[in-house]
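Structure first, then comments.
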Amino acid sequence: MSQALSPAKTPKIGFVSLGCPKNLTDSELLLTQLSAEGYETSKTFEGADLVIVNTCGFIDEAVKESLDTIGEALAENGKVIVTGCLGARAGETGGNLVKEVHPSVLAVTGPHAAQEVMEVVHTHCPKPHDPFLDLVPGGFGEAGIKLTPRHYAYLKISEGCNHRCTFCIIPSMRGDLVSRPVGDVLKEAKALFEGGVKELLVISQDTSAYGVDVKYRTGFWDGKPVKTRTLELVQKLGEMAATYGAWVRLHYVYPYPSVDDIIPLMAQGLVLPYLDVPFQHSHPDVLKRMKRPASGEKNLERILRWREACPEIVIRSTFIAGFPGETEEEFQHLLDFVREAQIDRAGCFAYSDVEGAAANELPGMLPMELREERRARFMAVAEEVSTAKLQRRVGQTMQVLVDQAVGLGKKGGVGRSYADAPEIDGVVHLLPPEKFSKTYKVGDFVKARIVGTQGHDLVGVPV
C-alpha cells in the first residue's frame, strides 16, 4: 500500500526593517519577492529558519540600533543576513563594520540589493518547490507587499544622490542618482491606487533631481510619451490620483528653481500643497561648508514666492544646529530664517560626527553642549512658529484622512490633514460623531471643523 508523501515544510523568514521610508520600500520589495517564491514570514526570531535585517547606518543612534538588532537576531536565531545602509559602511580596520562587530552573520550587502539577498537566502534556506508558483515569471511586482497601512504607501522614484554634502555619507552607501523609468513609476502608482491607497507619498534621496541622470529622456505611459522629469511625473500622478479621489504628497524636494513650476499644480489642487524640503541651514557660509546646492537668500525668496502663488502651502524641513565653524551670528541667521520663512513643521539635529563624512575634518568643531543648546533654542523658535500657525486653523473646515477609528468608529478617531505627513507631523484628533449613524472608517476622508489644538496636533469634529 503506497503512503502519501508529507508536504515539505515551508521555510519561514524573519524580517526586521529599520530606518527611513526609502529603506522601507527596499524591505517591501524583498518581502514581495520572498512571498512570490513561496516563503512565509515569521513574527519571531526563534520561529524563523533565518532572519534578514535591513539596516540604517546614517547617524550613530541608527548604527547602534542596527547592530543591537543584529546581535539580538543572532542570539535568538543564529542565521542572519544583513542588508541596507549599514552594510555598506567600513569599520575601524577598513573592513566591513557589521562583519567586525558580528563576524558570524551569513552575509552582508549594501542597500537596494534585493537579488544579492535572495541569492543568499536560496543558499541557506532553499526556496520551496511549488509546481504552480514555479510557473510564475520572476521579477518584482508593481505593487507587492506593503509595510504601511493599506490606505497609504510610499512610492520611490529614484535611488542614490549626486550631491556630496559634507555631513552626509548616503552617496557612499547608495551611490549616484539612478531614476526609475517613468512608465514603471506610473504603473506602480496605478496598482497602488487600484489596491485602495488613498495617499501616495513620493520619496527618493533627491526628488527634484528625478530624470537628471537620463537627461530627462522621454518614456511612455499608457501609450503616450512622458518626459522623465519631476514636473511631468508629478502632473501625471496628480491626474491619476484625482480619478481615485486620492492624495499625492511630495518628500525630499531640494529647493531647485524647477520646483517653482510644481507650485501651480498645488494651487490647482492636483497635488497636496505640502513640500518636505531639507534646507539644513540658511546662512550662505554654512551652506557652503555643507556643500549644499542652494543659497540661503535664494531659499527665502523662493519660499515667499511659493506662498504668494499658493497661500495654503505647508513647508516641512530639517536643519542642523552647531555645524563645524557655526558662529552665533550664523545661528541667529538660521533662527531669523525660520521666523521669516514661517516654516510650518521643523526638525533639528545637533551636529554629530558621522564616520566617513567630510565635515569631520572641518575646523571649528563646537562642544557638544553648545550644539545641543543651539538645537534646543532652534526648536523653541520652531515651536513658536508652528503653534501660531496651528492656532490659525481653529474654525477652519479641513479634509481629514482617517488613520485610526475608536470603538468601531463611533467613539472618535485619529487622522491627518493635507498639512500632516504620517509619523513625522502632527495629527487631527477626531471627536466622536454627534450623529449616532455616523462612524469613522480607516482610509476614509471626512470633513472636520477644527475646534482646538493639542500640542502639535489639532482637534476636530465631523461636519
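Placed from the backbone N, Cα and C atoms, the Cβ positions cover glycine too.
According to Swiss-Prot, the feature [4Fe-4S] cluster 1 binding site maps to Cys20, Cys56, Cys85. Among the features that Swiss-Prot reports, [4Fe-4S] cluster 2 binding site is placed at Cys161, Cys165, Cys168. Under the heading domain 'MTTase N-terminal', Swiss-Prot lists 11-126, citing sequence analysis as support. Swiss-Prot lists 147-388 with the feature domain 'Radical SAM core', giving sequence analysis as the kind of evidence. Annotation source Swiss-Prot lists domain 'TRAM' at 391-463, citing sequence analysis.
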CB contacts for Cys56 ([4Fe-4S] cluster 1 binding site) [other CB atoms within 10 A, all chains] | 22
Measuring Cα to Cα, tell me the gap between Cys165 ([4Fe-4S] cluster 2 binding site) and Cys85 ([4Fe-4S] cluster 1 binding site) in whole angstrom.
-> 17
State the Cα to Cα distance, in Å, between Cys168 ([4Fe-4S] cluster 2 binding site) and Cys56 ([4Fe-4S] cluster 1 binding site), rounded to an integer.
-> 13
Do me a favour and check the Cα-Cα span between Cys161 ([4Fe-4S] cluster 2 binding site) and Cys85 ([4Fe-4S] cluster 1 binding site); whole Å is fine.
-> 14
Which residues, same chain and not among Cys20, Cys56, Cys85, have a CB within 8 angstroms of the centroid of the CB atoms at the recorded [4Fe-4S] cluster 1 site?
-> Leu18, Gly19, Lys22, Asn23, Thr55, Gly57, Phe58, Ala62, Gly84, Leu86, Pro111
For Cys85 ([4Fe-4S] cluster 1 binding site), nearby residues of its own chain (Cβ under 8 Å, 6 or more apart in sequence) = Gly19, Asn23, Thr55, Cys56, Gly57, Phe58, Gly110, Pro111, Ile170, Met173, Arg174
Cβ packing number for Cys161 ([4Fe-4S] cluster 2 binding site), 10 Å threshold | 21
Starting from the Cβ centroid of Cys161, Cys165, Cys168, the recorded [4Fe-4S] cluster 2 site, name every other residue in that chain with its Cβ within 8 Å, sequence order please.
-> His163, Arg164, Phe167, Ile169, Ile170, Pro171, Gln205
Across all protein chains in the structure, which of the binding-site residues Cys20, Cys165, Cys168 has the highest Cβ count within 10 Å?
-> Cys168
For Cys161 ([4Fe-4S] cluster 2 binding site), name the DSSP secondary structure in the helix/strand/coil scheme.
-> coil
In DSSP terms, the domain 'TRAM' (391-463) comprises 1 helix, 32 strand, 40 coil
By DSSP assignment, list the helix, strand and coil residue numbers for the domain 'MTTase N-terminal' (11-126), in that order.
-> 53 helix, 24 strand, 39 coil
